[in-house]
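Engineer: Pasting the feature list from TrEMBL:
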type     : residues  : note
TRANSMEM : C:26-47   : transmembrane segment
TRANSMEM : C:59-76   : transmembrane segment
TRANSMEM : C:83-103  : transmembrane segment
TRANSMEM : C:123-149 : transmembrane segment
Amino acid sequence: MVIVFQSKPSLLAGGVVAGPLENRSIFSQYFDSVYDDERWQMKTNEQGHRKMIEEACEFAMKKMGVQKGDINYLMGGDLVNQMTPTNFAARDLEIPFIGLFSACATSVSSVIIACLLTELGAANFSLAGASSQHNAIERQFRYPINYGAQKPQTAQWTVTAAGYALIGKHREEYPSIEAATIGKSVDYGMDDPFHMGAAMAPAAFQTIQSHLQQRNQKIYHYDLILTGDLGQLGLKLLKGMLVENGVKNEELTLLRDAGAEFYGQDEAFQSGASGAGCSAAVFFSYVIQQMRAGSYKRVLLVATGALLSPLSYQQGETIPCTAHAIEITMK
Amino acid sequence: MVMTFVFAFIVGGIICVIGQLLMDVGNLTPGHTLSTLVVVGAILDGMGLYEPLINFAGAGATVPITSFGNSLTHGALAEAEKHGLVGVLTGMFEVTSSGISAAIVFGFIGALIFRPKGNID
Amino acid sequence: MEKEQYQQLEQNVTPKPPYLKNVAKAFFVGGFICAIGQAVSLFYIIFFNFTEATAGNPTVATMVFFAMILTGLGLYKRIGQFAGAGSAVPVTGFGNAVISAAIEHRSEGLVLGVGGNLFKLAGSVVLFGVVSAFFVALIKYILVTIGVVSW
């Protein structure tokens with residue numbers, strides 16, 4: 001069921017902070033800060049992760065000249081144990097907070113909740129976003145950082161980045177959120193944690209299809225449909241599914257993936273970027289800035305998330321995935 | 001003299017190739033692959049085949065993880081020969097302790113002096 | 001799209017591992033590490049009066065020491081990405097598994113972190129090594145006892 005926001009809450013600003021390797025991202029020029037210490041001069045990866053979230057929120061607030069006290073709600077999440085970094089960042093930010101876990105789709109699920117609160121009149125300003133820190137997440141989901149396992153070509157590189165958006169009541173001069181689709185949890189039987197794109201592509205496909213159908217739109221009604229972190233292979237698979245469904249080839253150029261483009265063509269990153277911070281960083285920097293500059297008038301952001309855990313993988317389960325979408329327009 | 005290096009290189013390389021095939025074709029994780037090779041090493045020694053391989057290839061047979069299974073079995077067998085059934089348990093680590101103790105000690109030291117870093121090159 | 005149909009599509013799109021290239025890299029790197037091991041054991045034989053038979057132990061310990069340096073400097077994971085089993089199968093790979101876990105979990109302290117996680121990855125190797133050695137030795141003991149084979 002598509003959610004249509006009558007009041008069209010606006011994406012007033014985005015704050016994106018990234019780690020040292022993200023200097024190589026083709027989007028790095030759009031980030032607010034690229035730090036050269038992956039731990040933000042803190043003792044542990046998790047503390048650095050927390051610092052990164054706080055800084056991203058502060059950048060977003062500073063751009064609109066608002067203070068912590070003006071923010072009604074903070075919505076966000078990450079991938080580390082029970083979302084430790086986000087919970088602790090919320091402690092320091094002192095903003096009423098709900099932690100959200102949709103894996104790498106949290107960047108959009110948090111915006112959807114923030115928009116609902118805005119539409120309800122409960123919030124003047126909310127912060128919504130997601131983040132990931134490479135080291136903290138690799139050790140949680142895969143191996144210790146210094147372990148020499150060979151990653152296949154299908155693997156993706158978890159980015160170190162936090163992206164938070166400041167959501168407020170509708171303002172004409174800012175990109176506004178018209179509609180949203182909350183995705184189902186979709187499982188097509190993929191079970192390889194080093195091939196997340198293949199697991200997530202069906203979720204992205206279902207969410208896009210359902211959004212377009214219920215909004216009575218076609219792909220060409222958009223200037224851009226940007227998925228979160230399918231990677232190069234996942235994007236290929238998504239396009240393959242769309243073609244099977246009768247989408248024409250020329251429409252496929254409107255489809256892009258933040259993870260596939262994030263590190264350019266650098267083969268060291270295999271199939272591209274992933275992580276909750278990947279879509280958040282690109283959506284809340286590049287996309288907002290391009291829309292404000294007038295490059296895009298109508299954009300569909302589809303954040304994709306693989307809902308696996310180390311436990312589910314070890315117990316031999318397949319990987320359920322989800323995708324949440326927001327439709328953003330600019331006058 | 002030179003030939004010992006060549007044999008070590010070739011035999012060690014072949015054992016690694018078997019490991020690579022287990023990973024790529026057999027779709028095993030590194031953990032599963034290494035566990036499999038250790039079991040193979042133990043069985044080979046039980047059949048008396050690993051010792052000749054060491055004599056032939058030297059480090060080519062002692063450096064791969066298969067030698068860990070071999071030396072565990074070797075210790076157990078030597079002790080079983082002397083003391084009977086109880087030797088199977090007591091002899092296990094007699095020969096093989098160096099790899100494990102080195103890993104433990106250097107793991108501890110490594111933890112004290114190094115920090116993980118997410119670099120890529 | 002149905003699940004089966006999707007799995008078909010996924011099979012078509014996903015690149016197969018470059019088997020030959022991977023095997024060649026594993027062979028050369030693995031062989032190279034063993035040749036270094038050979039040099040180390042020669043060193044112990046010549047300078048420390050070890051014999052061919054006993055040089056294995058100090059060699060293994062030395063190789064694990066090398067693994068610690070390479071792991072700590074973040075080089076072993078790069079060798080691993082290139083060589084796959086070529087660097088995982090030699091005892092240096094065992095060392096890498098132990099040492100990388102130790103370094104990783106230092107942030108949770110020496111007791112709960114390093115102590116509790118040291119064998120997180122390598123534990124299975126120890127487990128299966130010991131258990132298989134136990135059964136192999138047991139079977140051989142039984143066979144010797146009933147006179148099928150001799151020691």
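From the backbone N, Cα and C atoms, a Cβ is placed for every residue, glycine too.
Just so you know, TrEMBL annotations are computer predictions that nobody has curated.
How buried are the listed features, and what sits near them?
Structural biologist: Same-chain residues lying 6 or more positions outside the transmembrane segment (C:26-47) and placing a CB less than 8 Å from one of its CB atoms are 55-56, 58-59, 62-63, 66, 79, 82-87, 89-90, 92.
Outside the transmembrane segment (C:83-103), and at least 6 residues removed from its termini, the chain residues within Cβ reach (under 8 Å) are 22, 25-31, 33-34, 37, 60, 63-64, 66-68, 70-72, 76-77, 114, 117-122, 125.
The list of residues near the transmembrane segment (C:123-149) in space but at least 6 beyond its ends in sequence, with Cβ under 8 angstroms from a Cβ of it, reads 94, 97.
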